[in-house]
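*Asks:* Got a structure for you, questions after.
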């Protein structure tokens, strides 16, 4: 029973559906402007910009949507469509025997009305009830809409039915996706190039700190996303990026507050002309002026933004605009012919060819009949003109039209055929532009760069100051004439988060802030930056150092102990003073060579000692001056050999004292073992050993000039490298060995009789000598640069003066001031008075 009942129910339902007639539910929606023809082009435009929404309480049938506030721009676009179609209808070459009709719907800038108008275009405003729907759309193509978001809705709705949509101004890059929008075309370029060009113009003027505002719709969001990516690539920082939609006053107020509080002087406004109007109104109310606006084609040439106060806010604005095309004959047509022939409700009669026309909906448009512009609003007029002709040429090819024979009217044209035909169109319109569609269904990106300027009479004009043409090579695409630009605030603004870092500094990013916000840190010593806004400082090469400004590498100052500096002069003075004293002592001794005190302890060794001391004083001069290969080898070898000669003489004199006074046995002949010949040979032998050490040193690894860059980074210490540390310390060790031996022997002889006893003075001189050279070692190691050389010279002079004064000063005192003691009897008497 259940099965039988179910079968009967389904049969009844099927019979009811099968017998149902196609019928429209609700009131039909009629176009605002229309004309019948063999083929029909549909259009969706926002001829009014405000809509009063009905009450959706679902207690009664919704009222008809009411539209207000005429949008002059889109009205001009509608007039351009009709103007172009009438041109085509008069043409003998394009669709010669075909009449083209149109249905232009007003969407009132509302997506609800847009959807309603789309369905009306696809299905027809009304139709005769019949058993089945025809499946044939009454239009062949739709032109519209002017905004990207509405166009996306339109394209998604018509896409499954393969009805071509051609927009004159929907620029969203998202519409380039042929998989999602296969039936979409546009006679304007996508925002991809415009968004990137916005970043290029900001970069061109050196603005690295900008604000960004966009419409919160597909047009603004997609365009701003491309701009932000390009800005990041170009090193531009965005202080803020905010958005709002025309129906969101709270968000608009938030955007205005952000702009007021920001430090950026440049704002990139990726807005439609509607959102820009709302923003302009708020900026004018709050008197926010002096900001450099960078605009897009959506608003930069919109005359609807002209208000008494608009130039205070938008004066000097720069932006990209579609090429402003003057269509021949259009101005005259707008003034008279349109109202006489195409407007449904004139003052004289009404056109009711499509149902009863309600002329009350045209009252606000009739007001514009008397509105005469010097130059009618033609933003996008060229684009919509091209769109009409693109459809016409596509149909011309599909209908196989020939100039004299006409077109084949009997052919049925499907919308998908029009899509394929549009992909192949390639023609030139009367104002010279070539029309064709690329693989994304778009046109080549060609923009004018316009500047808001004010004439002497107070009128505002859009001055072309450059262009952007994506069809040209990359280095020729963007051209600007900056000389004719009028800036917001009267002069080119400077919009940076941080001022440029001058040469000599580097940028250091501020924690938690964009890369354009930084501090300028001076380059460290030895580093430079020779360009503005350098990210890093460069290290100067080895022999160079940074100048005081840290912007250039200069040769390091070369430092060495020179004869002209104070320290060098002082050391030379004491060296020559030592030589002078030694020479005076030698002269004195030579003049008194026959006196007992000179002859005592071998006068020959005394003169040889004086000669070696003279050489010691003179060898210190080899340490002063610019080191050369020869001076480096000479200074250490001369120093080593002369000091060994000097110590050898002192050692010889010490041995003579010991030999003379340590022979305790009477008649001892010990002096014959260390007579004058043996004394000379000992001095020679000791000296030859040092000579041999020096020869080996110079042969194996000699000293050489060396640029020392370790002690000081900012200067070069020119010094003598030892070559072989072993050789140097061998020379010094040998001198020390002889000095210790001499000190030991002199110490043993310190208790001998006073008058002949040089051992005490030799002991004292050796103590001074050893003390000087022991303290020399740490001083030599730790003293930097030229002070190392000064320490060595000081040690040479100090030890030389010690030997000179300790050994010869007592004898000189006796010779000069106690001549009565310079007798053999006195000396012998002293000896006898102090037996050993």
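Just so it is clear, glycine is given a Cβ too, placed from its N, Cα and C backbone atoms.
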*Asks:* Looking at the candidate ranges 518-542, 793-817, report the one that TrEMBL labels transmembrane segment.
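*Replies:* Per TrEMBL, the stretch marked transmembrane segment is 793-817.
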*Asks:* Can you give the mean pLDDT for the domain 'G-protein coupled receptors family 3 profile' (567-831), rounded to a whole number?
*Replies:* 80
*Asks:* Are there residues at least six beyond either end of the transmembrane segment (603-625) with Cβ under 8 Å to its Cβ atoms? List them, or say none.
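*Replies:* For the transmembrane segment (603-625), the far contacts come to 560-563, 568, 571-572, 575-576, 578-579, 582-583, 585-586, 589-590, 593, 631, 634-635, 638-639, 642-643, 645-646, 649-650, 652-653, 656, 676, 679-680, 683, 789, 792-793, 796-797, 799-800, 803-804, 807-808.
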*Asks:* Tell me, please, if the transmembrane segment (793-817) and the transmembrane segment (566-591) are in contact, taking contact as 3+ Cβ pairs under 8 Å between residues separated by 6 or more positions?
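*Replies:* The transmembrane segment (566-591) and the transmembrane segment (793-817): touching, yes.
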*Asks:* Per the 3+ Cβ pairs under 8 Å rule, pairs at least 6 apart in sequence, do the transmembrane segment (637-661) and the transmembrane segment (566-591) touch?
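*Replies:* Checked: the transmembrane segment (637-661) vs the transmembrane segment (566-591), no contact.
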*Asks:* What parts of the chain pack near the transmembrane segment (728-749), using Cβ distances under 8 Å and only residues at least 6 beyond its ends?
*Replies:* 636-637, 639-640, 643-644, 647-648, 650-651, 654-655, 657-658, 661-662, 686, 689-690, 693-694, 697, 703, 722, 757, 759-760, 762-763, 766-767, 769-770, 773
